[in-house]
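Asker: Below are the features listed in TrEMBL for this protein:
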{"type": "DOMAIN", "residues": "A:30-463", "note": "domain 'Amidase'"}
{"type": "ACT_SITE", "residues": "A:LYS33", "note": "active site, charge relay system"}
{"type": "ACT_SITE", "residues": "A:SER111", "note": "active site, charge relay system"}
{"type": "ACT_SITE", "residues": "A:SER135", "note": "active site, acyl-ester intermediate"}
Amino acid sequence: MTAAVVRRSALAKTKWHLNSYRSDAKPFRLAVKDNIATEEFPTQCASGVLGQHASPFEATIVRQLRARGASVVGKTNMDEFGMGSHSVHSIHGPVRNPLAPAGEEVTAGGSSGGSAVAVAINDADIALGTDTGGSVRLPAAYTGIVGYKPSYGMLSRFGVVPYANSLDTVGLLARDVESIRQLVFDTALYEEHDSSDPTSLSVETRQRCSKAVPPTLPKLSQLTIGIPVEYNIDELDPAIREAWSATASALEAQGARIVPVSLPSTKEALCAYYILAPAEASSNLAKYDGVRYGIRGPEADAAGETLYSEARGAGFGAEVKRRILLGTYSLSSEAMDNYFIQAQKIRRLIQQDFDRVFRLDNPLYEPRQFDLSEMSADTALEDKQGPVQVDFLLSPTAPTYPPKLSDIMKRSSIDAYMNDVLTVPASLAGLPAVSVPVKIEQSHQFPAGLQLIAQYWDDRRLLALADKVMKLMAV
Amino acid sequence: MSRRSVGELSRYLLEGRISQRGCINGRRLSSRTVPVWSSLRPPYALRQLHTHSEPAAATEAAAAPQPAHVPLRKQLKEQAKQAKKLGKKKTKGDSQTVDGWELTVGIEIHAQLNTSRKLFSPAATSFNDEPNSHVALFDVAMPGSQPLFQKETLIPAIRAALALNCEIQPVSRFDRKHYFWWDQPSGYQITQFYEPFAKKGHITLLARDGISTEDGESVTVGIKQVQLEQDTAKTLAQTGNVHWLDFNRVGVPLIEIITEPEIHHPRTAAVLVRKIQLLLNTVDSCVSGMETGGLRADVNVSVRKTDDPSKKLGTRTEIKNLSTIKAVEDAIIAERDRQIRQLEAGGVIAGETRGWTIGSKETRRLRGKEGEVDYRYMPDPDLPPLVIGNDLVQRLQTSLAVLPDTELDKLVSHYGLTPKDALSLITLDNGSRVQYFYRVLALLESKLQAEPDISELPEVKSYSTLAGNWILHELGRLTTYKAGPLASGDLSFTQLGECAQVPEEELSQLLYHLYRKHITGKVAKELLMAVYLGELEGGILEAINSNDLWFKEISQEEYEALAAEAAEGEDKVLEEFADEQKYPQGKLMYLVGKMMRLGPTERIDPAMAEKAMRQWIERFHGR
């Protein structure tokens, strides 16, 4: 059977290399997160169970970027299977933030921490990461670079080892917005459907979505940018809040209209995320039983005893085991209705919250008439049409500056989950979001990461705005 | 009809010797001791061995649920088993009901769909190909691979659902069912738990299908749902604690058919499985039947006291993985009896999963509720909802093959077959036998039409019953030789109803001459055997001509003379015909038999002889 798989891959290889380079290819160095399959490097997902795994095929996104001039410089460290916010749960050890002062060990964020660092220290021009609940945006914010999570279904996931399929997206990290925008839009990457990925949008849907969003960003004076009030949480570091507010003021000074908006379901987002993502993870990781993938223990798994417990016990790290158990519980017949089903309902509410505040309709759904009674009582009305609608949302990416690794180790896993509170809503709604570094005077040694969120498929304008914000706030 | 021993057959086939009791088909032989077709054989019988064995190796007829003629060895085994059973236990006929108790059964049937690709990968489906030669990345759950629904698998699936009168759902979804087993590389099976693609069907079982007599003329059983799902890998057990895995089968599309718990008799349950198998075959949904591993059944069994009809159903147990139709009936009887024994002894029934081994008398416990797997059903996040357009459903509905019940009715009413024969014809060789019947019949008809002095065709039934009889029984008899040392091989039919061993042209030619009484039945049978063994180089007509096998019937006067001759010295017998009310048919046949022996060999039509003798007796008694 291995032979069959290898034959397939050999065939595929020939095919890929026949049309390898596009005429507009510009050479660049690409770092690839370890959960994205590449042919010449192992694909281990920073996990013991895949310690020996060499993928017989290459992910579509890697192939697409190779055709655009990418040379893969290496695979990057991460949290095991993407589960973590600080890139510390790895068989290779934790990732360290290069911006930290000498002698201090500070988190680079996760789970795509290795990708962020590769870009931050100029080992790569572009890095591929995956963003399930903030795993590209968070390390970008901590390391002072740009992290972009595209609309769900835009970039192919074929060859990406899934953590939670319905949330997973392939994201890009770079030192500036422009190189990401060029790669995704100037080379028409966003138009390419991948028939190997059932969640990759069809060409027709892509065209329909593209028609539903304006092609270019207007002047700032014609834009309304929302400040989601629910994101102003108590845990927010005052300096981050200051960066947020300074950025909003700078945009306002440029003529943009800044308005507060309410996304009332935000409070439930983190809970919903930590039900849904582990549920899918527990299912996805069921394959690592030591038969095809993973390590077999010396003990035979006799019938009647628990099958494969030893193989699974030995291969996975603590955080992965914790999430598998969490997901296994929320899918069990006694908990399904109270957890998994409820979380799915919340997910829908969150997506509707976003649809209500964005001026553009979500091209994936029929336009929906929102009833005032569905909104919270203190929602300010713009006019008789209802509350104000916005083009983009601006928020911090992370509640704090990157903490020290020693502090992270002391914290409970629930505290660690808190870190995702600002990034998870866009993931649940499948919306595009980007984190850009912002520096304010007399500020912290680290830049603050600010997040911009847009309506579905409004990625091109989102990146254009992100570019403006980054340049505006560069010190 | 008595069967020949293997030794006898081998003497006959290898040395051309025959016992005094007559030829192979058990009919009385005339004075000729060597059958006609033996004279057609080339001198060296051994050379024949090679040529004969070839067709046998080339094809193997698919197993039929109820063959009209089972192979000799199997039959002997069966007989021995039956005899043993009769000695020990009451027969199955008595075991359909237990006084004071009501049985309730629901069935889940898993059937392999007839498709060229797997359910979620473009890898080819195969049967007995080199292990692990049809495996896509997704089939082995390669990290980073994704499922790709193969649209064409819908066609046989929808056909099956339509044959079971189901409502096709415009939107259905795929779910993951989690459990760890080595034959399941992803750790879950993709199935349709929450929203199956077909619901609310039904199937009607008739008395002629063989349902338990307690169910009367017919019984209708509801089909709760039909769902699409993946098959698992095949485990090839090796010596020691070693298992090899063949991933060719993993991901092959199955449908699971779930009936309502509306069956109350064991045989009816078995008949339901057989009929569903037949339906799936007819509409081309399913590649193979139970016996070839293409169909498996799980049965849910419960019992309750009949005196309290308002009472809820009893606790049910599930018997998994029944692989033959007989096992369905036997396992249900055994499990019902076990449950009743348990309850009558004051015990309770535990909801559990049980197993059944073919040939055993008891089901055995596999695992209890506490050992039940929580399957943690979850919508598959990679797979979009399955949307089935009404246009597709309509198209498949109009092109759906004629269902067996409709065909059966026609075979009985139009072609005059007995219901039993009609059913055998439809079920044999996965439906190929009946196609062969139509082919032979069409040729026979055209031969009758071609007759120069024909004004109109004879009544269809007069020749269709003859054709039916030969295609079922005489052809069936041919294959009883396969157990012998010559092992001339099975009869095999293509799906279109072509038969390499006995081409339709040859059989229709044979039947035409038989029907028109150009040859006798005995000659026809011998010719059939010669065709089957590939000994007629020039075909039927040439064989009849060159061996002068034409039936040269004696004249009416000669019949009368023969009748008189046979009656001579039989005064006592003749006396018995005096009473017109009680006609002694047996005595008449005795006299006819005498006529046949007295007269010239191969020139007497028994029917004509009987008529002549009858007339002679009437005259004798002055009537």
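Just so you know, the numbers here start at 1 and follow the chain as drawn.
Backbone N, Cα and C define each Cβ position, glycine as well.
Those TrEMBL annotations? Automatic predictions, nothing curated.
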Asker: Taking the Cβ of A:LYS33 (active site, charge relay system) as reference, which residues of that chain separated by at least 6 in sequence fall under 8 Å from it?
Answerer: A:LYS75, A:THR76, A:MET78, A:SER112, A:GLY114, A:SER115, A:ALA127, A:LEU128, A:GLY129, A:THR130
Asker: Measuring Cα to Cα, tell me the gap between A:SER111 (active site, charge relay system) and A:SER135 (active site, acyl-ester intermediate) in whole angstrom.
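Answerer: The Cα atom of A:SER111 (active site, charge relay system) is 5 Å away from the Cα atom of A:SER135 (active site, acyl-ester intermediate).
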Asker: For A:SER135 (active site, acyl-ester intermediate), which residues in the same chain are close in space, meaning a Cβ under 8 Å from its Cβ, but six or more apart along the sequence?
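Answerer: A:ASP79, A:GLY82, A:SER85, A:GLY110, A:SER111, A:SER112, A:GLY129, A:GLY171 - these are the non-local Cβ neighbours of A:SER135 (active site, acyl-ester intermediate), listed in sequence order.
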Asker: Three states by DSSP: which one describes A:SER135 (active site, acyl-ester intermediate)?
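Answerer: The three-state answer is coil.
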Asker: Across all chains shown, how many C-beta atoms besides its own are within 10 angstroms of the C-beta of A:SER111 (active site, charge relay system)?
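Answerer: Cβ-Cβ neighbours of A:SER111 (active site, charge relay system) within 10 Å number 38.
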Asker: Over the domain 'Amidase' (A:30-463), what does the predicted model average in pLDDT?
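Answerer: Mean model confidence (pLDDT) across the domain 'Amidase' (A:30-463) is 91.
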